[in-house]
Every structure is written in C-alpha cells, then in structure tokens.
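Comments concern the structure below.
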C-alpha cells in the first residue's frame, strides 16, 4: 500500500514537472516576468508596486495550475502532498517549482524578479557590445569608469570656463570702450560753452572714464559663470536621458526577439509531435561567481550615481 502511494506521488510530481517545463506554463509565466521585472531592484524596501505585481502573478499561477490539474484529474490534496514530498526537495525539483513557490512567498518572488531584471539588462548590454563593438561609457563597469566620467566632465567644465572668461573679458573691453566714447562725447559741449571750466570738465571726464576700465556690473560675473555650468548640467542630463532611452529600446527589442523565438520553438515542437517535456531539459541555473557579483555591484553603483545626478539636476 505504501509503495502504491509512493508511486502515485512520484507520478504526480513528474506530471507537474512536465507541465512546468511545457509551453502552456512557461510562455505566459516568462512573458509576465519579463514585462514586469523592470521596476524591481535589490533594495530592501518593498514598494507598493511590488505587492500589486505579486498579486497579479499569484492570480496567473493559480489560473494556470487550476486548469491543468482539472485536465489530468489531480486534486488539491494530491498537489500539496507532491509539493511537500522528498522528491520535490531536490535542487532540480526546487528549481522547477520556484515559479510556483514564488506565488505564495513574496521574498522568493522578489528575488526571482530582481534576477530576471539583471539578466535582461546584461543581455541588452551584450547585444549593444556585439553590434557596436564597444560599450557606451555609461555601461562599462568599475571605478575607473566613474573616474573617467569625472575627468571628462572636468575637461568640459574647464573648457566652458575658459571660453566664458574670454567672452567676459571681451564684453568688459567693449563696455569700457563704449563708456570712454560716451564720456568724451559729453565733454565736447562742456568745452564749447565754458572754456574756463575746461580743466574741471576734463577732470570730471577722466574721473568718469578711468573707473570704467575696472567697472564690475553686480551679478554679471556670477551670471556669466553660472550660465555655462547650467548648460553643462543640462547637457549631462540630456545625455543621460538619451542613454537611458537607448538602453530601454534595446531591452524592448530583446524582449520582442525572445518572444518570437519562443513562438517559433513552440511551433517547431508541435510539428515534430514531441511533448514539450521531452524537448526541453531542465537545467539548473548556475550561481553567480564572485567576479560576476562584483561586476554587477559596480554597475549598480554607477547606475545609482547617474540616477542621483539626473534627480539632483
């Protein structure tokens, strides 16, 4: 009797595993995860949006499982027993059941969404590198990149300040000459009408003219310096927006390509008459190496720095 129960549990586990590897499950689940994972990050704070998306995911999982279990005649008790059996505790089975467990456990769900978001970003970056040969500066990792960005920004700032100083000096010289010319023009009527007061008039004219050479218009110098800096901030903000838009386009295109590939693979599988469970072999996801984790951390630090620059500006 015990052997029969074990055989029944084993059959239920294998049936569920076959369904979870098949297109009826994997296509809608993968589409949902890829479309919704963009807003997930590894911050400790759980946003309200996360909860709403998790509820949508839970409803999708329940609908798919309920339909399948009715088709093959497995009741809820059998399903629960199969999920808690030793056969479902292996690493292979846990990897297969992760999307199901994520519907009940928000922590598992969030980790799954963060992992998929990271995977999508890395795939988009690889596509950019393959097509362009090199990565944009904002997508290369490491502290050296941040340093390069800062150095480039300093070069731009110095150049802007240099040009600003030249323009300021030219403007000051032009105003000085204009004021000298106006001062001389005012002296002529005074010389014609009062010859006796010529020396005094000239003294007044010189007194008026000389300070003009060092005339400082309040706020002008400050405004001249702030203008280029403001332009620089606008330039950097616009550049960041363009980069973000560029990466989003690549991401959307990648999702479209992946969806088309899945549809074609599904059609090919149906034409050959093979069950999806036989076509797809379950593979365990390799854990990230320390180097990959370090690379990911550096990329996230850079992304946060760029995000702060955009928000602050």
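Just so you know, glycine gets a Cβ as well, placed from its N, Cα and C.
The structure displayed is predicted, hence computed values, not measured ones.
Record features, source Swiss-Prot:
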- 85: phosphoserine (MOD_RES)
- 147-187: coiled coil (COILED)
- 147: phosphoserine (MOD_RES)
- 165-204: region 'Disordered' (REGION)
- 179-189: compositional bias 'Basic and acidic residues' (COMPBIAS)
- 192-203: compositional bias 'Polar residues' (COMPBIAS)
- 201: phosphoserine (MOD_RES)
- 262-292: region 'Disordered' (REGION)
- 271-292: compositional bias 'Basic and acidic residues' (COMPBIAS)
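Residue 85 (phosphoserine) is surrounded by 15 other CB atoms, counting those within 10 A of its CB over all protein chains shown.
Taken as a whole, the coiled coil (147-187) shows an average pLDDT of 73 in this prediction.
Under DSSP, residue 85 (phosphoserine) is assigned to coil, being neither helix nor strand in the three-state scheme.
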